[in-house]
Amino acid sequence: MPISAYAADISSYTISQPENPNSALKNVVVIGTGGTIAGSGDKGKTTNYKAGVYDVKSLTDSVDGLDKLANIMGVQICNVGSDDLTYDNWITIANMINKLAKDDSIAGFVITHGTDTLDETAYFLNMVVKTDKPVVITGAMRPATAISADGPMNIYQSVALAASKDAVGKGVMVVFSDGIYGGRDVQKVNTSKTGAFGQNDLGSLGFMRDDIPYFYNESTKPHTTKTEFSVDGLTTLPKVGIAYFSVEADPGVLDYMAKNFDGIVVAGAGSGCMSEAWTKKLGELESKNIPVIRSSRIANGNIAGDDYFDHYKNMIVGSNFAPYKAKILLQLALTKTKNIDEIKTIFQKY
């Protein structure tokens with residue numbers, strides 16, 4: 001079957017059932033995609049390993065006490081490092097969750113995922129999944145073969161959260177190293193530490209203590225069932241490029257993007273700033289109706305409107321989104337409209 005066909009058709013995937021289901025427990029579907037959490041390498045080592053070796057059943061079977069939290073169902077979408085995930089994988093996962101969520105016997109979902117692009121997947125799903133049931137994404141910084149691998153506890157706590165009534169209606173969440181983070185605001189903030197995720201200025205939604213979730217915050221932005229975005233009939237996403245600004249950055253890259261992409265996100269300096277040459281070049285795209293999102297290469301802070309940049313009608317303020325999340329929102333916006341004013345409204349809303 002062609003890759004694109006999988007986006008709408010999930011019937012080719014086999015969902016494993018619990019061997020000895022406990023009628024007193026809820027059912028949780030664990031969706032495997034690969035990553036370090038499923039990786040294997042030299043015994044004890046945290047480096048020089050291959051991601052995506054173990055399948056989802058092997059992962060869940062290796063976690064002591066998981067069968068005391070929920071009845072585990074499992075499905076393998078792919079088994080790759082998350083740098084190799086595709087839009088098709090995203091759409092397939094979303095379609096699968098949306099379909100299975102209609103089953104009243106299923107309480108929630110866990111996705112095991114590589115950490116490199118985990119925060120991207122979290123935001124995409126946060127915008128297109130159409131259920132209030134908990135959807136939790138997790139991964140690991142150490143492969144399954146490492147000393148003190150962090151994957152088992154992350155899986156344990158993710159399943160506990162997915163089965164918790166307290167997690168209903170919270171949107172897509174990430175559980176990592178005891179923290180609970182929202183799909184909109186979570187970012188990978190460290191290349192190697194086990195506490196690799198956070199929300200920077202925005203803290204977290206809460207934390208896990210063993211199998212008990214404690215919530216203290218929630219996002220005020222619309223998500224899941226409250227968005228206008230959908231994967232119904234979707235097979236890919238519009239092309240949006242990210243242009244990273246630095247001193248003497250060549251504005252010629254913007255010409256290339258204007259010819260080959262439907263929209264551009266600028267990872268600007270400071271509060272979304274860029275040189276006069278870049279500003280002028282991007283302003284020239286106004287007549288072509290190419291939307292340009294001003295975001296920042298800085299991990300923290302909000303981008304405010306600025307008359308110097310934003311007098312060009314195609315310039316759109318990127319809120320506090322990291323460039324790669326601004327890209328996702330622009331892609332989703334472009335599935336609905338090419339009207340610049342309507343895209344501006346979408347960025348203000350979300």
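Cβ atoms here come from the backbone N, Cα and C positions, even for glycine.
Per TrEMBL, the feature domain 'L-asparaginase N-terminal' maps to 27-216. TrEMBL lists Thr36, Thr115 with the feature active site. The active site, O-isoaspartyl threonine intermediate annotation in TrEMBL covers Thr36. Annotation source TrEMBL lists substrate binding site at Ser82, Thr115, Asp116. The feature domain 'Asparaginase/glutaminase C-terminal' is assigned by TrEMBL to 239-347.
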### Message
I'd like to know which of the recorded positions Thr36, Ser82, Thr115 has the most other Cβ atoms within 10 Å of its Cβ.
### Response
Thr36
### Query
How many neighbouring Cβ atoms, not counting its own, are there within 10 Å of the Cβ of Asp116 (substrate binding site)?
18
### Task
Report the largest Cα to Cα distance, in Å and rounded to a whole number, among the residues Ser82, Thr115, Asp116 that the record lists as binding substrate.
7
### Task
Determine which residues of this chain, when Ser82, Thr115, Asp116 are set aside, have a Cβ within 8 Å of the centroid of the substrate site's Cβ atoms, and list them as they appear in the sequence.
Gly35, Thr36, Gly81, Asp83, His113, Gly114, Thr117, Leu118, Gly139, Lys188
### Query
For the domain 'Asparaginase/glutaminase C-terminal' (239-347), DSSP counts of helix, strand and coil?
46 helix, 21 strand, 42 coil
### Query
When DSSP states are folded down to helix, strand and coil, where does Thr115 (substrate binding site) land?
coil
### C-alpha spacing of Thr36 (active site) relative to Ser82 (substrate binding site), in angstrom
9
### Task
Determine, to the nearest whole angstrom, how far the Cα atom of Thr36 (active site) is from the Cα atom of Thr115 (substrate binding site).
7
